[in-house]
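Over in Swiss-Prot, the protein carries these features:
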type     : residues                     : note
SIGNAL   : 1-18                         : signal peptide
TOPO_DOM : 19-407                       : topological domain 'Extracellular'
BINDING  : ASP34, THR70, ASP237, HIS238 : Zn(2+) 1 binding site
ACT_SITE : THR70                        : active site, AMP-threonine intermediate
BINDING  : ASN91, TYR154, ASP189        : substrate binding site
BINDING  : ASP189, HIS193, HIS336       : Zn(2+) 2 binding site
DISULFID : CYS254-CYS287                : disulfide bond
DISULFID : CYS394-CYS401                : disulfide bond
TRANSMEM : 408-428                      : transmembrane segment
TOPO_DOM : 429-453                      : topological domain 'Cytoplasmic'
Amino acid sequence: MKLLLMLLFSGLMTGCRGNSSSASPPKLLLVSFDGFRADYLQNYEFPHLQNFIKEGVLVEQVKNVFITKTFPNHYSIVTGLYEESHGIVANSMYDVNTKKHFSDHNDKDPFWWNEAVPIWVTNQLQDNRSSAAAMWPGTDVPIHNSTPSYFMNYSPSVSFRERLGNVTTWLSSSNPPVTFATLYWEEPDASGHKYGPEDKENMRRVLEEIDEHIGELVHRLKVLGLWESLNVIITSDHGMTQCSKDRVINLDGCLDPSYYTLIDLTPVAAILPKINKTKVYSKLKVCDPHMNVYLKEDIPARFHYQHSDRIQPIILVADEGWTIVLNKSSLKLGDHGYDNSLPSMNPFLAAHGPAFHKGYKHSSINTVDIYPMMCHILGLKPHPNNGTFGHTKCLLVDQWCINLPEAIGIVIGALLVLTTLTCLIIIMQNRVSGPRPFSRLQLQEDDDDPLIG
């Protein structure tokens with residue numbers, strides 16, 4: 001019985017190794033392939049990525065933050081904060097207090113980034129540690145007067161191989177050692193916008209290229225002797241959904257352009273009214289049934305998208321696959337930014353290294369959960385954040401973890417085993433102490449007349 005209970009307990013929990021003290025601090029490489037939708041893993045072949053997953057862990061779906069855009073979600077990954085908390089609320093922003101504008105071509109002002117502390121800054125505050133980055137959004141900005149010790153200014157023309165070469169060189173030969181590094185690549189986002197995620201031929205081509213990049217990454221780490229000691233996380237910021245010219249919401253047909261300033265367009269449009277806010281809201285409310293219109297104070301709480309001066313007074317959210325346009329707007333065949341509860345908007349996460357289990361699959365975590373997990377791996381004290389470390393414990397070898405579905409199965413199995421053993425014991429006892437052979441009882445009156453004379 002004691003042995004059975006021990007087996008049951010060990011089955012409910014994943015093993016705990018503990019953080020052993022080591023002369024060299026742990027190292028972590030964070031890689032993002034922009035716009036890598038979670039179900040691409042089921043719909044396309046990824047031999048190199050699947051080998052990576054077999055030797056590590058896979059989170060099948062990561063629920064990202066609203067709005068599901070590139071800059072906001074990349075900052076949520078490295079801060080563990082919702083967009084309303086870290087301040088990067090869109091790819092295009094306007095601050096009403098300072099009158100400043102932000103866009104993907106005008107993103108170098110630390111003002112926009114200083115509302116949070118990204119993990120590369122925290123990492124460098126530790127003794128004998130440095131950080132490195134290959135074009136991760138924000139890493140070429142002096143956030144809180146600090147950039148990574150090694151970084152590349154953003155340029156989309158720089159090849160993946162060059163970015164990878166720089167990052168792996170920094171990880172293998174820097175002093176003080178690089179213990180945290182990031183690597184960003186624009187695909188499959190660019191192709192998803194151009195062709196749409198349902199264009200199987202073109203998407204297969206770009207996804208095969210990404211898989212080759214992952215194979216190149218693994219090979220490079222093995223050549224440099226980093227494969228067994230370096231923790232690697234591969235993830236993304238958002239997914240992608242199909243759009244078409246038949247699913248268009250034309251704002252110019254609903255509202256006079258002189259009534260408002262458009263800060264961000266689609267699929268989440270940010271409206272700054274020039275006239276009475278209620279009048280603008282009322283006109284937009286009846287504009288199109290495929291678009292939700294919210295006053296800032298009425299934005300659903302589940303979006304965590306209210307408490308920032310950079311969120312405009314009126315927000316428009318298109319239904320999945322619908323595009324908000326002006327008369328002169330161009331149309332993309334694929335887009336993102338929609339409701340983060342849509343599976344098409346969610347990415348995945350895969351990880352390998354000494355901190356992670358091997359061959360383990362987990363159904364889902366949140367984007368904001370990645371930050372506290374990374375801090376744990378690096379031994380850093382995290383800044384206040386919206387993530388939950390407990391959501392990622394099952395991925396890590398040094399954490400106790402109750403996996404509820406497995407636990408239920410094990411408990412049911414254990415009860416069946418106990419029931420079977422109990423039945424067997426009862427049957428065996430009955431066999432050992434079976435009925436005695438019949439014998440005639442010697443009665444008192446028989447004493448004078450014994451049976452055998």
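Quick reminder: no glycine exception, Cβ is built from N, Cα and C everywhere.
Recorded features from Swiss-Prot, shown on the structure.
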| residue | record | Cβ neighbours (10 Å) |
| --- | --- | --- |
| ASP34 | Zn(2+) 1 binding site | 22 |
| THR70 | Zn(2+) 1 binding site | 23 |
| ASN91 | substrate binding site | 18 |
| ASP189 | substrate binding site | 24 |
| HIS193 | Zn(2+) 2 binding site | 17 |
| ASP237 | Zn(2+) 1 binding site | 28 |
| HIS238 | Zn(2+) 1 binding site | 30 |
| CYS254 | disulfide bond | 15 |
| HIS336 | Zn(2+) 2 binding site | 28 |
| CYS394 | disulfide bond | 22 |
*recorded positions clustered about ASN91 (substrate binding site) [Cα within 10 Å; pool: THR70, ASP237, HIS238, CYS394, CYS401]*: THR70
*Specify the nearest of the recorded positions TYR154, ASP189, CYS287, CYS401 to HIS238 (Zn(2+) 1 binding site), where nearness means the distance between Cα atoms.*
ASP189
_ASP189, HIS193, HIS336 excluded, remaining Cβ within 8 Å of their centroid (Zn(2+) 2)_ = ASP34, GLY35, THR70, ALA190, GLY192, HIS238, MET240, LYS332, GLY334, ASP335
*Tell me the Cβ neighbour count for CYS401 (disulfide bond), meaning other Cβ atoms within 10 Å of its Cβ, over all protein chains shown.*
20
*Report the nearest neighbour of ASP189 (substrate binding site) in space among the recorded positions ASP34, ASP237, CYS287, HIS336, CYS394, comparing Cα positions.*
ASP34
*asked:* Near HIS336 (Zn(2+) 2 binding site) in space, meaning Cα within 10 angstroms, which of the recorded positions do we find among TYR154, CYS254, CYS287, CYS394?
replied: none
*Helix, strand or coil at ASP189 (substrate binding site), per DSSP?*
helix
*Where the record says ASN91, TYR154, ASP189 bind substrate, what is the longest distance in Å from one Cα to another among those residues?*
16
*Residues within 8 Å of the ASP34, THR70, ASP237, HIS238 Cβ centre (excluding the Zn(2+) 1 site residues themselves)*: SER32, GLY35, THR68, LYS69, ASN73, HIS74, ASP189, SER236, HIS336, PRO347
